[in-house]
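Notes for the one structure printed next.
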Amino acid sequence: MAENFEQHSDISAADLARLSQEAQAEATPSTAKIIWSEFKADRPAMAALFIIVGFIVFVMVGALFINTPKMMETNIMAYFNQPFTPEFWLGADSGGRSVAKQLIVGSRNSIGIAIGLTIISSTFGICWGLISGYFNGYIDWGMQRVYDFMMMLPMTMMIIVLVTIIPHYNSVTLTFIFSIFYWEGTSRLIRSRTLAEAEKDYVAASRTSGTSHWKIIFREIMPNISSLIIVDCTLSFAENIGVETGLSYLGFGLPSQTPSLGTMISNANDPNNITQYWWTWLPAALEIIILCLAISYVGQVLRRAADASQRQGAAD
Amino acid sequence: MWKTILRRFLIMIPEVIILSLLVFLLAKAMPGDPFTGSINPKADPQQIKHLMRMNGLYDPWYQQYWNWVVHLFHGNLGNSYQYQEPVTRLIEGRAGNTLWLALFTMILTYVFALPMGVFAGRHEGKLPDTIIRVYTYVTYCIPFFVILVIGIWIFGYVLGWFPTTGSISSDASGWLHTVGSRFYHILLPGLLGALFSTVNIVQYLRSEVIDAKHSDYVRTARSKGVPNRDIYLHHIFRNSLLPIAAFAGYSITGLLNGSIFTETVFSYPGMGLLFVNSISYRDYTVITALVLIYGILNLLGTLLSDIILSIVDPRIRIE
């Protein structure tokens, strides 16, 4: 390329090297770099990020060392053991089961489902939004009617009904059931951005030069809205933690022998537990609050990084 | 205008049909049959089969669906197997509770959100704006059921300010006392629901006010010498009132979805709690009726919002 260029122009090789170096220095930094500098500029965000990553790694690894069926065995001797004792750091519940251990395994299950749900529903929502926004016209109209219909369904009720219909469900089927109903938000966001993006000149140019539709959608438009996708995934991850825990709280999520943050909070349904034995449910509730706040705080920082006018760390 | 509304109605019809079909098929797929539990457990299986045949449960599904729809149009949703009572009467008794709670929550949401939105927009970038932004952000990202549980723990049990179960106290007598007791029971769930769902209205109103602040009509008003307070109240606020009102329809969806959690936590005898109980008893006539009602209410909510928005914004009508 360089030699070819030299033959047709009178710029010397040294100049070319200098020019390309200058261009590289002036070019927009990569997305990863922008995000990193944004985190460096915002200390609390950095702390939130470390808390989230550290906590997720801790529960994932910690849960491996806990024998779940053994942990869930009833132990009458430890009936509502007080918290802050050497054997039970966070006390024990009505079955004498260690709250601290349940919290670790429960967090692993709940966070795992939230991650799976985010991956599946976001992938689907992104594809739906991209296709619907790009092929304006009849395809979009049809897809919008499906979207309207899904929005009309009473989500929580439908999930509960589906859970009762499926005979032997586990965390994987549960994640899929949730995913059926939680892609709408993402798809609408992506669609509206794609509609704007598809009007742009580079799409028209690419189309006239014969690029296939799928290549335009997934190789050209999608990278251009990647920052939006990252932000949306983070924020919906925070929301999705509430989905499984909420249903488990009602008793329609994970089966009762599989600990989850939601089933732990449902200990509070018993008027005795809620006041006298607060340690059976309060730690799980606080954990959900802290996790959700931290994750969406990170999401806010990512959103700032995606919007050049709001950046705080881009000055360096 | 009327054309838009008519078109929205026409789109609704297939949606309702598909919804009813879906609900019906899901109910059919639910495990268990309605008779095993309701009659003597020692009953002859032959007899149960006979009962099921008498009730048309062995007919082909489309025949059953058709019967169900015909009954539906006659206002007959069947009998609840758990309560041995017509479903319509069962729901009638509880729909009021749910709708009152939802209405109360919605009014409170507006009461809190409107001043906050205007205030935040007026003091854009200053301390009050930051505080309101942090507040909406925190309330938005915490799962609602966790808030309910912690709320009932602090205000219901520890401080004892509010009742923790039911919709009315058992010793309420007389008109005034009854209304007062009902209101007392929805106060805490209503307050929690309102304080934690302001985010949409506040953010919309805030950006609307910030936009309007720099617009020509506000500058004209200001140069005429209209006091600052009146500009915000009568000029800016009134302009953004209709789109804000349109949020009411959409928020019905959210409130109904939340009612399942609210009513479970507060043991409040509404449709949400009825649904949760019916699921445990596999009382599927009640379940189908409730899913259908919630779906149709959602649909009407969205319809309301769309109509208001199309009145406000003519561009929507043309599309």
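Each Cβ is built from the backbone N, Cα and C atoms, and glycine gets one as well.
Per TrEMBL, domain 'ABC transmembrane type-1' is recorded for B:95-305.
Per TrEMBL, the feature transmembrane segment maps to B:99-122 (among others).
Sequence annotations record features per position, and here TrEMBL assigns transmembrane segment to B:134-162 (among others).
The annotation transmembrane segment is assigned in TrEMBL to B:182-205 (among others).
Look at TrEMBL and you will find B:241-266 (among others) tagged as transmembrane segment. Distant neighbours of the transmembrane segment (B:241-266): 98, 101-102, 105-106, 109-110, 114, 144-145, 148-149, 152, 164-165, 185, 188-189, 193, 197, 200-201, 204-205, 208, 272-273, 275-276, 294, 297-298, 300-306, 308-309, 311-313; these residues of the same chain sit at least 6 beyond its ends, with a Cβ under 8 Å from one of its Cβ atoms.
As annotated by TrEMBL, transmembrane segment applies to B:286-312 (among others).
Among the stretches B:99-122, B:182-205, B:286-312, the one making the largest number of Cβ pairs under 8 Å with the transmembrane segment (B:134-162) is B:182-205. Counting only same-chain residues 6+ beyond the ends of the transmembrane segment (B:286-312), those with a CB under 8 A from a CB of the stretch are 1, 4-5, 8-9, 12, 15-16, 19-20, 23-24, 26-27, 30, 77-78, 80, 82, 87-88, 90-91, 95, 242-243, 245-253, 256, 271, 274-275, 278-279.
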